[in-house]
Structures are given as C-alpha cells and as structure tokens.
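Undergrad: Got a structure for you, written out below as structure tokens; questions coming shortly.
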Amino acid sequence: MTTKWPAVLIGANPHYASVLNEEAGSSGRQDSWSGSQEDAWADNSSESVQTNLSLSWHENLPVVVTVSLLLCVVIIATVIGNIFVIAAILLERNLRTVSNYLVLSLAVADLMVACLVMPLGAVYEVTQEWVLAPELCDVWTCCDVLCCTASILHLLAIAVDRYWAVTIVDYMRQRDVRKVGTMIFLVWSVAFVVSIAPIFGWKDKDYRSRVLNEKKCLVSQDAAYQVFATCSSFYVPLIMILLLYWRIFKVARQRIRHKPGAKAMLVVHKEPSTSSALPSNENTPQHNAAGVAAHNSSNQSSPSNGMNKAMHGGFGRLLVLTKREKKHVEESLESRRERKAAKTVAIITGVFVMCWLPFFVMALVMALCESCDPGKLVFSFFLWLGYANSMINPIIYTIFSPDFRNAFGRILCGKKPAYR
C-alpha cells in the first residue's frame, strides 16, 4: 500500500515532499514484494507439509507394513474361524440342534464383520484418511453398525435361550425352529433399525464436511443418535445378559443345594460266587449306568461302591428298570450338555464385555463431550479390539467345546462327519 505524505506535515518545501513520497513509494513496493513472498512461502509450506507427509510415510514404512500384516491376520483368522463354525453346524448331525441355530446366526454375523467391515477399516487405518466418496462412508458405517450390533444381540438371544432352558421345565422339548427363528429375526431387525437411521438423515451437521474436508469417516456423531445406538447395541443388551446369567447361576445353585434324594434307578443283584459272569451286552449303553447312578440319594450306598460290588464282589448284574427311567437318564445327559454349553456361552459373554466395553464407553463420551478426543491411536485400538471379538468367538468354541473341537479336527483332516 502506497502512502502519500500530506504537505501540511512537511511545510511548503516541495523537495521534502518529493523525497518522502519517493520513500513511501519505495516502501509500498517493498510491502507488495513482501506480500508476494508470504504467499509464495505459504505455497511452499503446503508443498513442504505434503513432502513431509510423504517422507513420514516412507520413514514409517516398517510400522505401516507391520500394522497391515497384523490387520490381515485378524481378518483372515476371523473369516476362517467362522466358516469352520458354520461348516461344523451344517455338517455334523450332533451339532445340528435347534439351540445351535443361534450360534450359526452369530457366526454369520461375525463372518459379515470380517468380509464387509474389516477390509475397508484396514485400508482406512493404514492410509489414515477416507479416500472414497461420502456415500461409501455411509454404506460402510451402516454395515459396521449392522454387523456388530447383530453380533452383540445374538449373545443376548443365546443368554435368553439358556435362561429359559434352566427355568422352564419343558422348554427344551418345546423349543423348535419357529421359536428360535423368531429370535433370530428380532435380532437382525433391531440391528437393521439401529444401523439404517443415519442414512435417513439422523446425522450431525458436520458429517459431510468431516468426510470431504477432514477425510474422516465416522458413525454419525449426533449426541441423540449415539445415545440411542450405544444403548440399543451394547448397554441394554449387556445389562440384560448379566442379569440373565446371574439368574441362571442362582437357580443352578439352589438346585444343587436343595436337590431331593431320588430313588435308585439301578438294581444290583448279587449272584453267588459260583455263578458265571454276566455276558457283556453291546446294546446296553454304559454311560447310562453312570448317569443314573449319579441320582442315588445320599442315604443309600454310594454309586461307586455299588458298581464295585457289581463288578468285583459277586459278578453283579445292572438292570435298567423302566423306559421312563431310561428317558430320565437321557434327559440328565442332555442337562449336562446344556451346562457345558452354558459355560461356553458365559465365557463368550465375558470376552465380549472385555472387547467391546472400552469402545462403547469412548463412543458415548466423544458424542457427549465435543472437546474430549481420545486420540487416533486409542480410538483405533479400541475399535479393532471390538472387531477382534468376532475372531475370538470361534477360538472359544474350539477350546471349551469338545463337540466343536472334534468337528473342526474332522474338517481339517478331511474326514467324514461322525454322524450323518
């Protein structure tokens, strides 16, 4: 900007006026040059930042490669593990039970997490920015909420199924495909409603600019939606799951402490020592005898002593009295199987809480407190810790369920299913 000095400040001497005005013109030219230099410096700074980012990318290449490989391992392990669960339930007749249909649907949800959510999430994690269109961000976040919510709600449905199996006497006989199918339908319906809401406009006002300008793809940060989504997807199911398992534990403990003595379901006939030994009967299942003996009352002789006398003291004979008692033995074995399944599901639920609780606490805090930023590293760690829950479920089946473990072994070895 060129400044003309007024004559009143320099008197009437035109020489001073011309000198000062020339100096002002020179200063103006210098200011103009300085401004152009600042603009050029700003442009150079922008280029420098981009260059530094590029250099930083190459300098951190080992970290990028390590993170990429780790995420690929998580994705592949999740896909393979859940495919094994699905194949085991579909191929093994002893696993093709009505209650396992819930486990099958859970495995489908976890497989969808691995196929629809994790790959784009891994690309986003490595590049540190969303390079796709905002519409694809909508689709990705919708799939994220749908699959993760469905996975969590399936654990609630399984807990409800176990609770009814423990508290309702005839539930296991009344449980059919229609009832379990209704539960699965409700799970996916709730997950769909929670996930589709942002696509129909329930978004925060900065959603689009955040995707286009900041290159960030996040689920709608609208506070009301976050409260609705986190409560529907996690907090309410978590409270219900904990209450259900507390009730299951309480009922089981009461049954153990106040279990009335039952009549012995086996009769031991002692034969004289000169009698010939009883021929073995291959059609008599030995596990039935063991299962029945466990129901003898405390005031009778112990089952182990009775068995020992029968086998060693006098070549005794074990006779199953009636079909009704045999049916009771089968129900006892079924109850034992249910207890093992309940233990497996309880472990799955505990792992689920450890995996998802940090993320949902962070998500709710971020929505309600605009100035609260956990940082990129913490956010990514908690998010992928939640995703990893879909990988851990099949591992839990392998460790704690002999039926699934044997089925996985047969699938790996290419053997035919044990029961067809």
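Along the chain as shown, residues are numbered 1 onward.
Glycine too: its Cβ is placed from the backbone N, Cα and C atoms.
What TrEMBL records for this protein is below:
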type: COMPBIAS; residues: 273-287; note: compositional bias 'Polar residues'
type: COMPBIAS; residues: 295-306; note: compositional bias 'Polar residues'
type: DOMAIN; residues: 81-397; note: domain 'G-protein coupled receptors family 1 profile'
type: REGION; residues: 273-306; note: region 'Disordered'
type: TRANSMEM; residues: 63-90; note: transmembrane segment
type: TRANSMEM; residues: 102-124; note: transmembrane segment
type: TRANSMEM; residues: 139-160; note: transmembrane segment
type: TRANSMEM; residues: 180-203; note: transmembrane segment
type: TRANSMEM; residues: 223-246; note: transmembrane segment
type: TRANSMEM; residues: 345-365; note: transmembrane segment
type: TRANSMEM; residues: 377-400; note: transmembrane segment
Undergrad: Any residues 6+ beyond the ends of the transmembrane segment (345-365) with a Cβ under 8 Å from its own?
TA: 152, 155, 158-159, 162, 219, 226-227, 230, 233-235, 238, 241, 245, 372, 374, 378-379, 382-383, 385-386, 388-389, 392-393, 396, 400
Undergrad: Taking the transmembrane segment (139-160) as reference, which of 63-90, 102-124, 223-246 has the most Cβ pairs under 8 angstroms?
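TA: It is 102-124, which has the most Cβ pairs under 8 Å.
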Undergrad: When you look at the transmembrane segment (180-203) alongside the transmembrane segment (377-400), do they share 3+ Cβ pairs under 8 Å, ignoring any pair fewer than 6 residues apart in sequence?
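TA: Touching, no - the transmembrane segment (377-400) and the transmembrane segment (180-203) miss the threshold of 3 or more Cβ pairs under 8 Å.
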Undergrad: Select the range from 63-90, 180-203, 223-246 that forms the most Cβ-Cβ pairs under 8 Å with the transmembrane segment (102-124).
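TA: It is 63-90 that shares the most Cβ pairs under 8 Å with the transmembrane segment (102-124).
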Undergrad: If we skip the immediate neighbours and take only residues 6+ beyond the ends of the transmembrane segment (223-246), which ones have a Cβ under 8 Å from one of its Cβ atoms?
TA: 145, 148-149, 152-153, 155-156, 159-160, 162-163, 190-191, 194, 197-198, 202-204, 346, 349, 353, 356-357, 360, 363-364, 366-368
